[in-house]
């Protein structure tokens, strides 16, 4: 594997290998050493979970790590990201973890520079977040073991969610039994890759084994979609009452950051069914597996 850009570019066998390798790292704490490999983290959007877990993954693998501070870099002088990568590559850096607001940017960089560097997509606009899909599936398999009988519900702003896009794809690749995308009509995607869409919260959650709650993007609510927070809260929030429609042992997940009291209640986020912190933990091991697969190949 030369680059890690989209789930759609991976075979089901490659995905399953990443999942098993992540669980191996978690349970054995036996990590390979790649001390000769240098990696740079370029985050053009704010991040806590993804940025830090990638850095921890890199350090667990004994890689040399460079974190580019955009505020003090030549990016403030107008340097294009393509030139930044070429410059860093000339210094001996081969691997680049990149988050950017532009859809498809990492793919474009891989097309232009792919002969000399390895690109890892840490999120591009509303398009894809492949490492999140891997860690989410690690978390689900760890708890539920099998996927073919599961009903998974994903709730929120599906239209603008790179998390939802990548998750639909991984569910399709791995043969998840049923995927339901629950969203107000105004946030429903024009194209669904896998699963079905509904704006009926209770029906969508009925009998679910896993419930994934997405962040409400307040900036889009106020500027683009003219959907107020009170409406969303009253009709689509994950509360103890709405969660009761799912199975009693349903997992509750959230990619973070959470808007408590908007898309999810604190009593649900912190409750016995919550696997949100387990997702964060698994993110480190999932990203270790991703990095190893690039270096080893």
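Even glycines carry a Cβ here, placed using N, Cα and C.
The model shown is predicted, which means the values in this text are computed figures rather than measured ones.
Going by what Swiss-Prot states, the carbamoyl phosphate site holds 49, 50, 129, 132, 256, 257, and the candidate of 86, 99, 196 recorded there is 99. In sequence order, 42, 43, 44, 45, 47, 50, 51, 122, 123, 124 are the residues near residue 99 (carbamoyl phosphate binding site), counting only same-chain partners six or more apart with C-beta under 8 A. On the backbone, the CA of residue 215 (L-aspartate binding site) and the CA of residue 256 (carbamoyl phosphate binding site) stand 7 Å apart. A coil conformation is recorded for residue 256 (carbamoyl phosphate binding site) in the three-state DSSP classification, outside any helix or strand. In this structure, residue 77 (L-aspartate binding site) is part of a helix by DSSP.
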